[in-house]
């Protein structure tokens, strides 16, 4: 199975191949039975997949189950227009405000992003009227696996780790240049093909970057992804910024090297302690980066811990990969590397090419923030956003 898009010159940077591990594919063709199909004289084709109705355009047939989450199911389908299989994500977000917010953020961002290492949107399907709109269907290129599934089945070579890390940072450079924080980087949100192309997905928690924004009401969104949270997210109610994504990349790098999560905390306190056990106690300068006084006092009263050498944790890892961990997993966000600095690290020297690491043409602005909008208004915005997506796909930078 091939993805629905090729990555041009960027794909030629590596001839890595994971094809021998294709049994781990998330393609429904290898893991599920066929769907039942119903057709009508007019309107969309209806297929039933695991008791779920998929009302999609007639160009998409042969739907096969891939997976499902809190508010949707993903299938693969054959696109008769392109003669390739695609992924279709069915989302039913309109009963919950937070699901509507995530859906609107994701389609607003992905319809405007164009980058080889970021998942695309090919089409969004909805009902003709807002009253009829119960579900929406996002059509995207089909990837074969994600990094989480891959790490469950095999250990990666240093060559693979280096190439995956480069692609993550290359995509993140574009995201940060658009003034966006992803905020949910983790292995399951990094999609892969057997030729080792990597794409960042799931922008439902993304935010406009602003170090002065009060995030105190938003921390509940992070419950599912605690292991990849930067310490400043847990210690500060306000002020986190682009370095939070860099920390997540560091956690992902450590997991690729070691084959298991570096900081698998079961709760907030354990998470902080696991981090300090590895990076050591913060010095006086690092403590001043903790804005919240209670959190600062808590950390300062903890027993002093020395930094654990990376070589002790990962004795067979390359020196350059461990040196990269030092830069990515720096406790103080003000001292943590930027994505541009990380790309220049010697570990990535064989891939680093600023002329082939594009940035967004313009940053996103605060009219993208949606926290206080009631559900009916969010539904209206989703309906209207889908209306303009065909034009955005032709000209993503018209706004």
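Each Cβ is built from the backbone N, Cα and C atoms, and glycine gets one as well.
Since this is a predicted model, take the numbers as computed values, not measurements.
What TrEMBL says about this protein:
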| type | residues | note |
| --- | --- | --- |
| REGION | 1-42 | region 'Disordered' |
| COMPBIAS | 1-19 | compositional bias 'Basic and acidic residues' |
| COMPBIAS | 20-42 | compositional bias 'Low complexity' |
| DOMAIN | 60-348 | domain 'Protein kinase' |
| BINDING | 90 | ATP binding site |
What residues, ordered by sequence, lie under 8 A Cβ-to-Cβ from residue 90 (ATP binding site) and sit at least six positions away in the same chain?
52, 54, 72, 73, 74, 75, 135, 136, 137
So what pLDDT does the domain 'Protein kinase' (60-348) average out to?
92
